[in-house]
Amino acid sequence: MQTRNNFSWIKEQITRSISVSLMIYIITRASISNAYPIFAQKGYENPREATGRIVCANCHLANKPVDIEVPQTVLPDTVFEAVVRIPYDMQLKQVLANGKKGALNVGAVLILPEGFELAPPDRISPEIKEKMGNLSFQSYRPNQKNILVIGPVPGQKYSEITFPILSPDPATKKDIHFLKYPIYVGGNRGRGQIYPDGSKSNNTVYNATASGIVSKILRKEKGGYEITIADASDGRQVVDIIPPGPELLVSEGESIKFEQPLTSNPNVGGFGQGDAEIVLQDPLRVQGLLFFLASVILAQIFLVLKKKQFEKVQLSEMNF
């Protein structure tokens, strides 16, 4: 009886330990996945600087294209698509954090006019939902619903990202007006070269921090190198650490200069930004335009009928 109780107690403890481990794993994974995409959120109140530069360019140093497509005009309280395209060669592989090669990821930030925001799920049509796929968008800040971010997500599947946007209604929001508004977008493909704290990632070139002779190159067990440079002037030893990923360009005994590249530049990605314009159209103005066009068409029809009637009268008088 005692043995059976001990077995039950051990079984209960093992089950509890497994459950706790799973919970910790899930929570950790969730926090990492939620925090990782938006490095800029931690350091910048607004992703667009006063100069117009989007802050993602501070970490993604290479310049690459990005494209945005929106309707020319939208009516109030209407859901529309903002399509962001982040083109790149799908055959390319990037250096991952562990130094291995892998597929590129993409990300985007969409800066909408005040009042525009992500459409609620119950307002999104099945057609737009199909284009969205499994993407999950979030606001840059809880109080900045007009700034949306996404990523990183697999580039091979989401090089074209469809944002479902809800336009504001000036009838309910008095600070919104029927005007032409700018929309800004930034999009990156691949990992960045600089982390928010200013340190380098392994997806960039590493330069010599001193001039002299490469006296020793030590290949580290987990990848990467320790390069010892002997300063020719005072014999001082300087050690440069190269993480796994970049390919080494120098060899032992080689004379190098300060800031000379020690590695290749493995970066194949980059960041780009663009803009578009959209008009929040007054429905009454549209109705007025339609009424005007209808009036013009009717006037043309009456003129044609009147002309034909006049021609008939003239013809009858000539016959008489």
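The first residue you see is number 1, and the count goes up from there.
Note that Cβ sites are derived from N, Cα and C of the backbone, with glycine treated the same way.
What Swiss-Prot records for this protein:
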- 1-35: signal peptide (SIGNAL)
- TYR36, CYS56, CYS59, HIS60: heme binding site (BINDING)
- 286-306: transmembrane segment (TRANSMEM)
Select one residue from CYS56, CYS59: among these binding-site residues, choose the one with the most other Cβ atoms within 10 Å of its Cβ.
CYS56
Residues that sit under 8 angstroms from HIS60 (heme binding site) by C-beta distance, when 6+ apart in the chain:
ASN188, GLY190, GLY192, GLN193, GLY269, GLY270, PHE271
